[in-house]
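Feature annotations, reproduced from TrEMBL:
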type	residues	note
TRANSMEM	26-51	transmembrane segment
DOMAIN	42-303	domain 'G-protein coupled receptors family 1 profile'
TRANSMEM	63-83	transmembrane segment
TRANSMEM	103-130	transmembrane segment
TRANSMEM	142-163	transmembrane segment
TRANSMEM	197-218	transmembrane segment
TRANSMEM	239-260	transmembrane segment
TRANSMEM	280-306	transmembrane segment
Amino acid sequence: MNNNSNTSMHAYCASSSCLFSTASQYIIISILFLLFIASLVGNVLILVLLYKDRQLRARSSPSHISLAIADLLATIFWLPFLVSDLYIAEKWVFGYASCKVVSFFQTIAIPSSTLNLCIVTSECFAAVWFPIFLKVLPRKRTILITSCAVVWFVAFVGSLFYVPFKNIKTYDGVDYCVETFPDETTKNIYIYTNSSLFGFGPLIVITVLNILCIYRLCQTNSLVSSRRHSLSGTYTRSAIKKIITISLIFVICRGPLHILELAMMSDDVQYHLAYKRPKVSISLFTSCIGLYFFSAATHPVLFGLMSVYYREAFIRNCPCYTIPRRRRTSSTKTAQTSKVLETML
């Protein structure tokens with residue numbers, strides 16, 4: 001009788017210790033830990049350089065600073081609690097208040113990161129298509145700071161709406177920090193709105209703007225092809241590669257999380273994954289989160305350390321290096337595009 005009971009309990013066990021081998025759990029935890037370290041170190045390094053270097057602060061876009069803060073918040077309030085919740089403690093061990101606080105910052109971080117990426121992409125689009133106008137635009141920095149403030153305000157309001165629906169629920173004597181929407185309609189409205197405003201909407205906008213940037217840069221590159229060794233041509237070709245990389249990383253790493261979120265709106269899909277295929281459910285969610293934080297870990301490299309200004313700031317704060325002298329560029333419109341792109345990218 002006891003054997004049958006144990007077999008039945010094991011058949012319905014949905015914890016990671018039942019679904020994954022010990023080796024598999026160690027591999028998953030190690031990968032997430034590496035992503036945590038990469039994202040944490042990269043974004044902290046960017047913020048430290050900005051704090052210590054006045055020239056870098058003057059040249060850096062406020063949207064890059066805002067993006068680094070958003071990714072840092074997401075890293076701190078997502079990965080450690082996810083690993084503990086799913087793979088180590090396999091329950092919520094941080095108490096009721098922490099469930100609310102962690103959920104609050106989690107819900108702020110991801111939307112603000114996505115919307116800040118929209119601002120960064122819009123800057124890049126303006127730099128490619130309207131470089132001279134962007135150069136002489138009055139109060140450009142004030143406009144960007146205001147845009148970033150609006151992004152954080154929108155994310156803050158969305159988080160205030162969501163947090164009341166996150167509570168501690170006890171199942172078989174085990175506490176979990178889970179969503180407790182009053183009904184399916186409220187849940188579906190929230191998921192659909194969240195995915196539209198912070199998921200597929202920004203995904204489409206960023207993809208379209210990046211495609212337009214690549215198209216324009218390809219035209220520019222053809223104009224300077226006769227001067228293959230010119231600095232303007234080098235910046236243009238480098239910018240094309242960089243924008244393509246940013247676009248692919250964004251679509252591949254951010255898209256699956258929002259697709260999974262929309263799929264979970266279906267009762268049939270939710271029931272099938274939660275009760276019929278719990279291993280698939282945990283694997284999909286972990287993979288989507290892992291891809292998201294791979295994106296967050298690449299942002300400091302793509303928007304920071306690959307930029308000439310950030311590299312020079314890093315060298316200025318490392319006395320063992322010397323700053324190489326940069327060549328002068330021409331005053332043509334192509335050169336203006338390259339110079340502004342150097343700041344944006």
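Heads up, the Cβ atoms here are built off N, Cα and C, so glycines get one too.
Away from its own ends, the transmembrane segment (197-218) comes close to residues 110-111, 114-115, 117-118, 121-122, 124-125, 128-129, 154-155, 158, 236, 239-240, 243-244, 246-247, 250-251, 254-255, 257-258, 261-262 of its chain (Cβ-Cβ under 8 Å, at least six residues beyond either end).
Here the transmembrane segment (63-83) has Cβ contacts under 8 Å with residues 29, 32-33, 35-36, 39-40, 43-44, 46-47, 50, 94, 102, 105-106, 108-110, 112-113, 116-117, 119-120, 123, 144, 147-148, 151-152, 286, 289, 292-293, 296, 299-300, 303-304 of the same chain, all six or more residues outside its ends. Listed as Cβ neighbours of the transmembrane segment (239-260) (distance under 8 Å, sequence separation of 6 or more from its ends, same chain) are residues 114, 117, 124, 128, 195, 199-200, 203, 206-207, 210-211, 213-214, 217-218, 221, 284-285, 287-289, 291-292, 294-295, 298, 302, 306, 338, 341, 345. Taken together, the residues in the domain 'G-protein coupled receptors family 1 profile' (42-303) have a mean pLDDT of 85 on the 0 to 100 scale. Listed by sequence, the residues of this chain that lie at least six past the ends of the transmembrane segment (103-130) yet keep a Cβ under 8 A from its Cβ atoms are 61, 63-64, 66-67, 70-71, 73-74, 76-78, 144, 147-148, 151-152, 154-156, 158-160, 162-163, 166, 177, 194, 197-199, 202, 205-206, 209-210, 212-213, 216-217, 220, 239, 243, 250, 254, 292, 296, 303, 337, 340-341, 343-345.
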